[in-house]
Structures are given as structure tokens and as C-alpha cells.
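J.: What Swiss-Prot lists as topological domain 'Extracellular' is 1-20, 81-93, 156-193, 260-269. The transmembrane segment annotation in Swiss-Prot covers 21-41, 60-80, 94-114, 135-155, 194-214, 239-259, 270-290. Marked as topological domain 'Cytoplasmic' by Swiss-Prot on the basis of sequence analysis: 42-59, 115-134, 215-238, 291-310. The disulfide bond feature in Swiss-Prot is assigned to Cys85-Cys172. Among the features that Swiss-Prot reports, N-linked glycosylation site is placed at Asn159, with the record citing sequence analysis.
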Amino acid sequence: MNKDNTLHVDTIMKITMFSEVSVGILANSILFFAHLCMLLGENKPKPIHLYIASLSLTQLMLLITMGLIAADMFISQGIWDSTSCQSLIYLHRLSRGFTLSAACLLNVFWMITLSSKKSRLTKFKHNSPHHISGAFLLLCVLYMCFSSHLILSIIATPNLTSDNFMYVTKSCSFLPMCYSRTSMFSTTIAVREAFFIGLMALSSGYLVAFLWRHRKQAQHLHSTGLSSKASPEQRATETILLLMSFFVVLYILENVVFYSRMKFKDGSTFYCVQIIVSHSYATVSSFVFIFTEKRMTKILRSVCTRIINI
């Protein structure tokens with residue numbers, strides 16, 4: 001690839017990455033503060049508002065740290081020291097883990113909420129908010145422990161010349177590790193993500209069954225001439241299933257890009273594509289939640305109307 005093409009590709013990647021970050025930060029900020037207001041303004045706040053607020057907060061942290069990483073990739077002159085590199089990459093990895101945990105537990109909570117009276121999950125209904133909140137805090141602590149090796153694996157490399165280092169930004173790179181350590185950390189990450197993906201798939205299967213039963217009931221009501229309007233539970237279930245499907249597609253695509261990067265030894269283009277793909281869920285999911293929540297759309301419309309009339 002010649003110099004002009006390389007510059008053109010870098011410009012496209014830069015615009016795409018910063019657009020994704022800025023739009024995602026704005027959307028997640030709106031989502032977080034809206035659900036925070038719902039939590040504080042209701043006499044009996046719904047647990048779903050807490051989980052969506054937690055998800056939007058972790059996604060906000062993820063996108064902010066990604067924005068700082070992107071700034072060091074394209075704008076800065078590689079002036080970070082080792083402490084800055086370690087702190088930022090560690091916080092970014094934690095935010096990614098927290099986001100995965102929050103998305104998974106949101107699926108599990110909704111599965112428990114929609115469980116029938118005959119289901120074994122019914123006994124968890126009343127205590128599920130406490131159990132899931134406790135599980136989220138436990139997972140946060142575990143992520144902090146599992147990601148602690150990053151503090152020793154990342155250094156500042158302003159004048160990177162060795163091929164043994166793995167590029168992260170202009171300032172930061174991963175130290176080369178022995179095969180046993182690499183295998184151990186890779187296995188830990190693979191097991192962790194397989195567990196969460198499996199749990200999300202299980203809960204999604206339950207939600208699909210719920211939608212199927214609801215559709216049969218709607219067809220029966222339609223045949224008898226009664227109203228078959230979609231319930232709030234059905235709309236929320238469809239939203240979560242849509243997000244789950246989108247998450248799985250992005251997860252598969254991210255892994256394809258990652259292995260392509262390793263195979264072709266590409267240090268820039270595939271790496272940028274991988275970053276963009278891996279953070280797309282944090283941006284898109286916030287818009288899905290915003291535009292499927294009637295209360296939020298009404299608030300946004302009223303705000304836009306006031307701005308236009310000023």
C-alpha cells in the first residue's frame with residue numbers, strides 16, 4: 001500500500017473512530033441520566049432502570065477510555081509514560097468486562113422477570129435484583145483481579161523499533177510474554193467470554209419461547225376479534241433479543257478481524273477495524289434503548305421542540 005493510500009485509510013479510520021466515540025458518549029450520557037432520573041423520581045423504582053443505568057455507565061466508561069486511546073493513536077506524539085499507559089489500558093479492559101457482565105445480567109434478569117408461575121425461576125423473582133446486583137459486584141472484583149496482569153504487561157514505548165512488542169498506541173505497547181503465560185491468559189479470557197455468551201444464549205432462548213407463546217395467544221385473540229396489542233413486556237423482550245443478536249454478530253466479526261490481524265501481521269488497519277467493531281455495541285445499544293422507551297422519546301421530543309422554538 002503506497003503512502004497516499006495509507007494516509008487515506010488512516011483518515012477514514014480516524015473519522016469513523018472519533019464519530020463512534022462522540023456519538024456513543026452522547027447517547028449513553030442521555031440514557032444514563034434519564035434512567036437515573038427515573039430511579040430517583042419514582043416511589044417504587046423498577047430494577048430494570050438500575051440495570052440499564054449500570055449498562056450505560058459502563059459503556060460510557062468504555063467509550064471515554066477508547067477515545068483517549070484513539071487520541072494517542074492518531075493525534076498525540078507518544079508522550080505518555082508507563083503509569084499512564086498501564087492505568088488507561090487497565091481501566092479500558094475493566095470497562096469492557098463490566099459492559100459484558102452488565103449486558104449478560106440484564107438478559108438474566110429479564111428471563112427471571114418473565115418466568116411463569118410454574119417455572120423454577122419463580123422463587124428468584126422477589127430476590128433477583130439483590131442477587132443480580134451482588135453478582136455484578138462480584139464479577140467486577142473478579143475482573144479487577146484477572147486484569148491485574150496488564151499492569152506488568154504494558155510499557156511506554158515512544159520510540160518503538162522492536163517487532164516483539166505488540167502495538168497498542170503511539171505511546172503504549174504490550175511486552176512480549178512467554179508461551180505459557182500467553183496461553184494461560186488467553187484460556188482465562190476464552191472461558192470467561194464463553195460462560196457469558198452461553199448464559200446470554202440460554203436466557204435468549206427462554207425469551208424466544210416467551211415471544212412464541214405470546215404470538216400464539218395474540219393469534220387466538222385476533223381470531224376471536226379481541227385486541228392483540230403488544231404488551232410492554234413483549235416490546236422489551238424484542239429489544240433485548242435484538243441487542244443480543246447484534247452483540248453475537250459483532251463478537252464473531254471482532255474475532256474474525258483479530259485473527260486476520262494476527263495472520264497478516266497488520267499493525268494498523270486491522271487493529272483500527274477491530275477497535276471500531278468491538279465498540280459498536282456500546283454506541284448502537286444506547287440508541288436502541290432510547291428509541292424503544294416511550295417515556296424517553298417523549299422527553300427528547302419535548303426538548304427538541306423547545307430548542308427549535310427558542
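Using N, Cα and C of the backbone, Cβ positions are placed for all residues, glycine too.
Model, not experiment: these values are computed from the prediction.
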J.: Quick one: find which recorded stretch in 60-80, 194-214, 239-259, 270-290 has the most Cβ pairs under 8 Å with the transmembrane segment (21-41).
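T.: The stretch I would name here is 270-290.
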J.: Other than its own, how many Cβ atoms are within 10 Å of the Cβ belonging to Cys172 (disulfide bond)?
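T.: Other Cβ atoms found within 10 Å: 27.
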J.: Validating a neighbour-count step here. Other CB atoms within 10 A of the CB of Cys85 (disulfide bond): how many?
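T.: The answer is 24 other Cβ atoms.
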J.: Name the range, of those listed as 60-80, 135-155, 194-214, 239-259, 270-290, that has the largest tally of Cβ pairs under 8 Å with the transmembrane segment (94-114).
T.: 194-214
J.: Going through 135-155, 194-214, 270-290 one by one, which has the most CB pairs that fall under 8 Å from the transmembrane segment (60-80)?
T.: 270-290
J.: Can you count helix, strand and coil residues in the topological domain 'Cytoplasmic' (291-310) using DSSP?
T.: 18 helix, 0 strand, 2 coil
J.: By Cβ distance under 8 Å, which residues at least 6 away from the ends of the topological domain 'Cytoplasmic' (291-310) in the same chain are close to it?
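T.: Sequence-remote neighbours of the topological domain 'Cytoplasmic' (291-310) are 30-31, 34, 38, 235-236, 239.
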J.: At a C-beta cut-off of under 8 Å, are there same-chain residues at least 6 beyond the topological domain 'Extracellular' (81-93) that contact it? List them, or none.
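T.: Sequence-distant neighbours of the topological domain 'Extracellular' (81-93): 61-62, 65-66, 68-69, 147-148, 150-151, 154-156, 168-169, 171-172.
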J.: Against which stretches of its own chain does the topological domain 'Cytoplasmic' (42-59) lie, if we need a Cβ under 8 Å and a gap of at least six residues from its ends?
T.: 24, 28, 31-32, 35-36, 95, 98-99, 102-103, 105-106, 109-110, 113, 128-129, 132-133, 136, 236, 282, 285-286, 289
J.: Which numbers of helix, strand and coil residues does DSSP report for the topological domain 'Cytoplasmic' (42-59)?
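T.: Helix, strand, coil within the topological domain 'Cytoplasmic' (42-59): 13 helix, 0 strand, 5 coil.
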